[in-house]
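Residues or ranges marked as active site, proton donor in Swiss-Prot: 222. Per Swiss-Prot, active site is recorded for 244, and the stated evidence type is sequence analysis. The N-linked glycosylation site feature in Swiss-Prot is assigned to 361. Residues annotated as repeat 'PbH1 1' in Swiss-Prot: 178-207. Taken from Swiss-Prot, the feature repeat 'PbH1 2' applies to 208-229, supported by sequence analysis. Swiss-Prot lists 230-250 with the feature repeat 'PbH1 3'. According to Swiss-Prot, the feature repeat 'PbH1 4' maps to 259-280. According to Swiss-Prot, the feature repeat 'PbH1 5' maps to 288-310, an assignment based on sequence analysis. Residues or ranges marked as repeat 'PbH1 6' in Swiss-Prot: 322-343. Positions annotated as signal peptide by Swiss-Prot, on the basis of sequence analysis: 1-17.
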């Protein structure tokens with residue numbers, strides 16, 4: 001049965017009551033004593049540190065200026081619920097945070113609020129127990145797998161810093177309905193899932209504005225970055241390995257189908273299926289505009305160095321592009337590197353694309369003979 005931590009006993013209130021009372025009798029129930037020992041509340045700082053006692057109710061979490069989660073074991077089927085925090089709250093992860101196994105959709109962690117800071121202390125890890133879920137099917141069948149970290153409705157000047165995610169069952173960060181959010185120094189290590197992990201997107205962005213992701217180090221089995229909608233999105237200084245590259249889309253078929261003012265720069269994509277990718281949905285409506293890829297280095301790419309296409313249907317290309325999601329004002333500047341001999345250097349399939357700036361030097365693979373609808377100055 002799926003539980004939400006906010007429905008459990010409020011140990012914070014219980015801890016405050018006990019601190020004002022005489023010392024507990026030696027015969028006190030061990031579970032209660034352990035729980036009380038796990039909660040320390042001083043001057044608005046709330047610490048949860050007993051591995052056997054996951055983050056409790058926190059019905060009183062709104063009174064915590066700082067929440068420290070130290071070596072906590074979150075029960076199976078449970079969301080570590082850090083939503084609705086008071087403005088300016090600082091959340092710190094210490095030690096290893098673990099999550100029990102259960103087939104469910106998640107998320108494992110959810111955070112929301114205004115001017116929220118989430119920090120991973122030195123040596124801390126959030127371990128998603130992915131090996132128990134990976135079956136080669138991802139979200140397309142098999143076991144039901146929980147998504148990892150919802151960064152939804154984070155507003156103001158919120159940030160997530162130096163957090164290390166290990167072994168995510170599927171998608172890692174879902175960034176949705178957020179504004180002014182910065183993620184820096186994030187490490188995502190799903191390398192243990194290289195044979196059976198699937199749909200382990202690192203950063204999925206939707207319906208968000210003014211988002212910056214800097215210094216990410218990602219090893220996964222799907223998109224390193226996937227921007228499905230949003231404006232003012234920056235990804236810089238990232239290293240992506242093992243996945244599907246730096247992607248816009250697929251765009252179309254959702255409630256929000258506009259991507260604009262995106263900068264993806266100073267990043268490396270290696271040992272991945274694709275390097276740079278923009279894809280829109282067949283027959284859908286929306287727009288992609290003002291997207292810049294700058295100073296992108298590719299190596300060990302196995303499918304496409306650069307792929308931009310307007311023909312996606314049910315997650316797969318059809319070879320027949322449609323014009324309902326025009327791709328305009330795209331700049332590829334100093335996108336360079338190598339692909340494998342069986343891969344394709346560049347593939348562009350457009351029905352409505354215009355106003356592109358093209359500075360691409362990708363070598364080592366095949367030259368596509370199926371490119372179509374190329375904007376002026378673009379070469380396959």
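Including glycine, each Cβ sits where the backbone N, Cα and C put it.
The distance from the Cα of residue 222 (active site, proton donor) to the Cα of the residue listed as 'active site' comes to 5 Å. Cα spacing between residue 361 (N-linked glycosylation site) and the residue listed as 'active site': 19 Å, rounded to the nearest whole number.
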